[in-house]
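Quick notes on the structure that follows.
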Amino acid sequence: MRALGAVVTLLLWGQLFAVDLSNDAMDTADDSCPKPPEIENGYVEHLVRYRCQHYRLRTEGDGVYTLNSEKQWVNTAAGERLPECEAVCGKPKHPVDQVQRIIGGSLDAKGSFPWQAKMVSRHELITGATLISDQWLLTTAKNLFLNHSEDATSKDIAPTLKLYVGKMQPVEIEKVVIHPNRSVVDIGVIKLRQKVPVNERVMPICLPSKDYIAPGRMGYVSGWGRNANFRFTDRLKYVMLPVADQDSCMLHYEGSTVPEKEGSKSSVGVQPILNEHTFCAGMTKYQEDTCYGDAGSAFAIHDLEQDTWYAAGILSFDKSCSVAEYGVYVKVNSFLDWIQETMAKN
């Protein structure tokens with residue numbers, strides 16, 4: 001029963017430890033584990049195999065360890081070094097499989113967006129964040145600075161945030177890191193105090209190693225933002241949107257290259273940050289769109305060849321709400337080095 005207890009404990013944290021033991025190895029196990037029968041002119045090896053569930057086995061060998069004469073578990077390639085279970089990304093168990101109709105979007109009842117997190121800032125304002133590993137999330141700098149002064153520091157901001165993953169599971173924030181050029185780069189990362197167990201409802205989305213952005217390319221955006229009645233929804237919603245032509249988007253917003261500001265010449269009254277590190281996504285013919293509170297959510301693109309979902313963008317300008325033609329997203333690929341270096345340093 002001790003072996004069974006190990007399986008249950010590790011499975012709860014997303015890791016499955018499978019053990020195959022026999023003969024002398026059984027002497028160290030519970031009597032309820034039967035010894036395998038012996039065979040003539042042969043022998044039984046004592047082996048253990050490490051496996052992962054919702055995780056990827058990272059090891060120099062094959063994860064199989066043999067009990068040597070010194071009663072040490074060793075692998076032919078890795079020696080005594082144990083393998084690690086690395087969180088799988090971009091592989092939801094129930095991906096969206098059809099064009100369903102975040103204004104009047106569809107409810108996510110299946111857990112198709114396990115990377116979507118809900119962030120609550122000062123004065124209970126709701127925004128989005130995107131899980132990119134089992135301990136890090138991506139969001140916008142504006143989200144992090146909501147209801148904070150311009151001279152607020154990361155240490156000031158972190159304690160004021162509440163974060164939820166999966167089925168509204170609260171997680172503690174250790175620190176936030178904001179891009180040093182946030183006036184034109186609306187991006188920041190959040191480190192959790194502890195790693196979250198990866199499962200069907202909680203799974204990071206993959207970071208892109210290439211640029212997936214091309215006009216007409218379809219992506220999905222999920223979020224907890226305001227609905228058609230301008231009320232924050234208590235159910236996660238999603239919508240499918242096409243990447244828009246950048247020139248058309250810049251013309252729509254008067255080609256702004258500065259942070260959004262009131263009283264601009266834009267037809268919608270505000271100008272988002274638009275530059276070579278951003279892209280736009282337009283509304284579908286059903287008039288579905290993102291709205292206040294959806295910022296920080298991923299523009300998720302499905303790579304059909306790899307059957308993997310990637311965060312091609314992070315929603316920065318979420319105030320279109322079916323009024324403006326386009327939402328604006330930060331290209332994740334443009335800041336991949338900064339994101340990875342920040343996680344490595346911290």
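Cβ coordinates are placed from backbone N, Cα and C, and glycine is handled just like the others.
Under the heading signal peptide, Swiss-Prot lists 1-18.
What Swiss-Prot lists as domain 'Sushi' is 31-87.
The secondary structure of CYS52 (disulfide bond), as reduced to three states from DSSP, is coil rather than helix or strand. The annotation disulfide bond is assigned in Swiss-Prot to CYS52-CYS85 (among others) on the grounds of similarity to another entry.
Swiss-Prot lists 102-344 with the feature domain 'Peptidase S1'.
The Cβ of ASN147 (N-linked glycosylation site) lies under 8 Å from the Cβ of SER121, ARG122, HIS123, LEU125, THR160, each of these being in the same chain and 6 or more residues away along the sequence. The DSSP secondary structure for ASN147 (N-linked glycosylation site) is coil. The N-linked glycosylation site annotation in Swiss-Prot covers ASN147 (among others).
In the three-state DSSP reading, ASN181 (N-linked glycosylation site) counts as coil. In sequence order, no residues are near ASN181 (N-linked glycosylation site), counting only same-chain partners six or more apart with C-beta under 8 A. Look at Swiss-Prot and you will find ASN181 (among others) tagged as N-linked glycosylation site.
The Cβ of CYS249 (disulfide bond) has 24 neighbouring Cβ atoms from other residues within 10 Å, across all protein chains displayed. Under the heading disulfide bond, Swiss-Prot lists CYS249-CYS280 (among others).
For 258-263, the entry in Swiss-Prot reads region 'Interaction with CD163', with the evidence type similarity to another entry.
According to Swiss-Prot, the feature disulfide bond maps to CYS291-CYS321 (among others).
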PLDDT averaged over every residue in the region 'Interaction with CD163' (258-263): 49
C-alpha spacing of CYS85 (disulfide bond) relative to CYS280 (disulfide bond), in angstrom: 36
Residue pair CYS52 (disulfide bond), CYS249 (disulfide bond) - Cα distance, angstrom, rounded: 45
Inter-residue Cα distance where the pair is CYS85 (disulfide bond) and CYS249 (disulfide bond), in Å: 43
Local backbone state of CYS280 (disulfide bond), from DSSP in three classes: strand
Sparsest-packed among the disulfide-bonded residues, when each Cβ's other Cβ atoms within 10 Å are tallied, from CYS85, CYS280: CYS85
